[in-house]
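Novice: Annotation comment: Swiss-Prot describes 13-268 as domain 'CN hydrolase'. If you look up Swiss-Prot, you'll see 346-679 marked as region 'Ligase', on the strength of a curator's inference. Taken from Swiss-Prot, the feature deamido-NAD(+) binding site applies to R364, N462, N477, E491, W496, E497, T498, F499, K636, S661. The ATP binding site annotation in Swiss-Prot covers G376, V377, S378, G379, G380, V381, D382, S383, T486.
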Amino acid sequence: MRGCGVDRTGGYVRLALAAPAVRVADCAYNTQRMIQTVRRAASCGVDILLFPRLSLTGCSCASLFAQDTLLSAVCTHVSALCAGTADCQLLALVSVPCFLRTQVRVCTALVARGRVLALVVQDTLAACGAQKMQVPCEVLYGGAPVPVYDVQTCFESAEGLFSFCVGAMDGSVPATLVLQAYGTPSTAQTPDIFAAHAAAYSAQHQCAYAYVNAGWGESSADAVYGAESGIFECGQCVVQDSLQEMRERGERPAHAVRGLHVSADVDVSLVHFRRRARSGHTTLGASAPCVTLPAGIFAASKAHATLRRPRVPCPFFPPAFQKSQDAVPPLTGAVCLAVSAPSDTQDGFLQRTIDLAAQGVALRLEHMGCRRLVVGVSGGVDSACALLICARALDFLSIARTQLYALTLPGFGTTSGTKGAAQEFARALGCTVQEISISAAVTHHLHDIGHTMQQCDGTYENAQARERTQILLDRANQLDALMIGTGDASEGALGWETFGGDHLSLYAVNASLPKTVVRALISYAGRVPERFVCETDSPYAPRGAAFSRVCAAIVAQPVSPELIPPCDDRIVQCTEEMLGPYELHDFFLYHITVNGFGPRKLFRVAAHAFGXAYSCAQLCAALRVFFTRLFSQQFKRSCVPDGPGLTEVNLSPRVGFYFPSDTSGALWRAELEQLACGE
């Protein structure tokens with residue numbers, strides 16, 4: 001198979017699944033419904049349209065499949081379908097019974113631009129024997145010669161941007177899209193079975209997998225068909241639907257007569273990236289011939305203005321968090337998924353995250369022979385998260401939480417609100433709380449190097465961060481303890497940390513957790529205080545509601561390093577005012593490291609995911625900050641302490657996303673400039 005061509009589509013292929021209502025053995029009626037569906041799909045810019053198994057006749061014709069009358073009608077109406085859609089720029093995959101080489105076989109006709117490009121033999125109808133057919137070959141179909149292939153054949157677009165196969169392939173899968181038409185009787189478990197198979201197959205083979213089952217109108221003599229359909233991408237669901245889900249959305253049964261239609265934009269460039277990044281993945285197989293289709297078939301000659309994909313502004317959260325806010329629409333609608341899941345689903349994910357991190361800390365304590373931990377707490381979400389994890393780690397080892405030393409280290413920018421929140425949070429967990437001011441030591445140090453206290457610059461700020469780290473490390477030495485770092489993945493990606501200061505620790509427990517996840521963890525702790533509040537009779541340890549209030553206060557506090565003196569005890573140094581929203585930077589971080597997106601594609605998917613929340617100018621500004629700091633601050637990530645990998649993003653130079661510290665970012669900056677100019 002040839003390599004990827006020049007991508008002018010943004011890397012997306014618009015795929016539609018359609019299960020229009022059928023009448024069993026009524027080819028004329030079914031053909032008209034299919035023509036309507038094809039024309040509607042073409043008007044929406046669909047590139048590939050997949051129909052269910054034997055959709056032109058209905059899959060429940062049984063012994064009638066062997067009748068000359070039905071087979072002749074199929075051939076006639078395939079020609080009618082071609083004629084009725086000749087001006088449509090898409091590829092329709094239509095499953096039909098064909099009499100080939102003495103057998104009635106289930107074939108998929110590739111219909112485009114008014115003709116049948118090929119027939120793909122799926123299998124032989126059980127009632128008619130099982131004699132194997134030698135392919136490839138050529139047959140006369142509808143009065144024209146048509147090549148015939150088997151399911152192990154891969155078809156590629158003329159531009160080489162994507163490829164597909166009809167039905168699951170054996171062994172390695174060279175195709176980027178696997179298209180499966182079903183005619184399977186439905187049970188209550190069928191949607192879950194189809195979805196589980198699609199998720200597993202697409203994850204194993206790093207491909208996109210789409211399926212559609214027969215639906216309304218099939219014979220109900222012995223079974224019913226639910227039109228289950230779905231598109232999965234490298235293990236993740238892009239969209240799912242069925243007649244049952246239509247009913248659950250409140251659509252009247254009469255709506256089912258018009259059939260089910262689902263469409264989405266499949267990110268084939270993501271599939272290509274995942275395969276390149278996946279060590280040992282084979283995309284070529286000796287038993288998988290590749291056929292290049294003629295040019296001009298697909299509508300994907302330019303990028304669509306609007307993406308038909310789930311809106312996922314927080315990609316670090318698992319698929320279980322994704323729940324559609326609206327009914328999955330017909331071809332003319334828009335697919336919109338948002339982070340909104342049942343609380344038990346969210347809580348399970350968040351609790352597992354905390355417990356895995358705590359396991360890492362517990363194992364490191366055992367390895368070092370330590371029984372104490374030291375954490376610097378500031379009243380922000382990062383240090384609160386680290387403290388929460390450390391408390392859990394001591395529980396795992398049956399060590400009293402009093403062996404967890406929470407040090408508040410107030411300096412020139414510390415406010416009473418953040419210091420009070422830090423101390424209250426630590427006491428609720430049962431920690432030993434200690435306060436050590438850094439003001440005198442930093443003042444003396446700045447005087448020694450000839451730096452005035454009025455000059456609140458980088459030296460002024462970094463001196464405080466390094467003093468805090470020195471105190472924490474020295475206190476850990478005193479206590480024979482492990483000093484835990486609190487910096488998160490968002491700060492690591494942006495280099496928003498002091499080299500030799502908060503950049504250093506003995507174990508960086510938050511290193512793979514972005515700010516959005518850290519905030520969610522503290523909010524979760526506030527929702528279930530009984531899981532974390534220390535069981536003690538101490539009058540200083542707040543219970544339940546008080547702990548929840550302090551968690552809420554910590555989450556609501558603006559992110560700040562608190563290194564500049566406050567105004568009337570209010571924070572004046574807000575990180576997100578300087579860098580841009582962390583939710584944007586976390587979004588960029590995920591997609592550049594996990595999916596390999598560049599600036600142009602990041603801009604497009606961010607605009608889609610966040611809707612009207614940010615203007616184009618705001619997105620461009622945040623992208624410029626992100627890429628500038630990603631490259632300029634790599635030297636800090638080249639020497640980081642150990643820390644557990646808890647998400648898909650890991651910035652460790654040992655096992656994660658890494659590039660040399662002196663790498664040029666000129667290519668990415670140039671693409672950003674083109675983006676800013678509207679090119």
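Just so it is clear, glycine is given a Cβ too, placed from its N, Cα and C backbone atoms.
Not measured: the values here are computed from a predicted model.
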Novice: On average, what pLDDT score does this prediction assign to the region 'Ligase' (346-679)?
Specialist: 94
Novice: Select the closest residue to K636 (deamido-NAD(+) binding site) from the following binding-site residues, measuring between CA atoms: G376, S378, G380, D382, T486.
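Specialist: Minimum Cα distance from K636 (deamido-NAD(+) binding site) across G376, S378, G380, D382, T486 lands on T486.
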Novice: Given the binding-site residues G376, G380, D382, T486, find the one whose Cα is closest in space to the Cα of R364 (deamido-NAD(+) binding site).
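Specialist: Checked the binding-site residues G376, G380, D382, T486; minimum Cα distance to R364 (deamido-NAD(+) binding site) goes to T486.
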Novice: Using DSSP with the three-state reduction, classify K636 (deamido-NAD(+) binding site) as helix, strand or coil.
Specialist: helix
Novice: Of the binding-site residues listed here (N477, W496, T498), which is spatially closest to D382 (ATP binding site) when Cα positions are compared?
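Specialist: Closest by Cα: W496.
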Novice: Taking the centroid of the Cβ atoms of G376, V377, S378, G379, G380, V381, D382, S383, T486 (ATP site), which other same-chain residues have Cβ within 8 Å of it?
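Specialist: Counting only non-site residues, the set is A384, C385, A386, L387, A422.
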Novice: Which one is it: of the binding-site residues G376, S378, G380, T486, whose Cα lies the shortest distance from the Cα of N477 (deamido-NAD(+) binding site)?
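Specialist: Of the binding-site residues G376, S378, G380, T486, G376 has its Cα closest to that of N477 (deamido-NAD(+) binding site).
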Novice: Using Cα coordinates, what distance in whole Å links T498 (deamido-NAD(+) binding site) and T486 (ATP binding site)?
Specialist: 13
Novice: Can you give the largest Cα to Cα distance in Å, as a whole number, for the residues G376, V377, S378, G379, G380, V381, D382, S383, T486 that bind ATP in the record?
Specialist: 12
Novice: Using DSSP reduced to three states, classify S378 (ATP binding site) as helix, strand or coil.
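Specialist: For S378 (ATP binding site) - judged by DSSP and reduced to three states - the answer is coil.
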Novice: To the nearest whole angstrom, state the Cα distance for the pair G380 (ATP binding site) and W496 (deamido-NAD(+) binding site).
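Specialist: A Cα-Cα distance of 15 Å.
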Novice: Express the distance between the Cα positions of T486 (ATP binding site) and W496 (deamido-NAD(+) binding site) as a whole number of Å.
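Specialist: The Cα atom of T486 (ATP binding site) is 13 Å away from the Cα atom of W496 (deamido-NAD(+) binding site).
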Novice: What whole-number Å value do you get for the CA-CA distance of W496 (deamido-NAD(+) binding site) and S378 (ATP binding site)?
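Specialist: Their Cα atoms are separated by 16 Å.
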Novice: Would you find the one among the binding-site residues N477, T486, T498 whose Cβ has the most company, meaning other Cβ atoms within 10 Å?
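Specialist: Per the Cβ count within 10 Å, the most buried is T486.
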Novice: Can you check what DSSP calls T498 (deamido-NAD(+) binding site), collapsed to helix, strand or coil?
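Specialist: DSSP assigns T498 (deamido-NAD(+) binding site) to coil.
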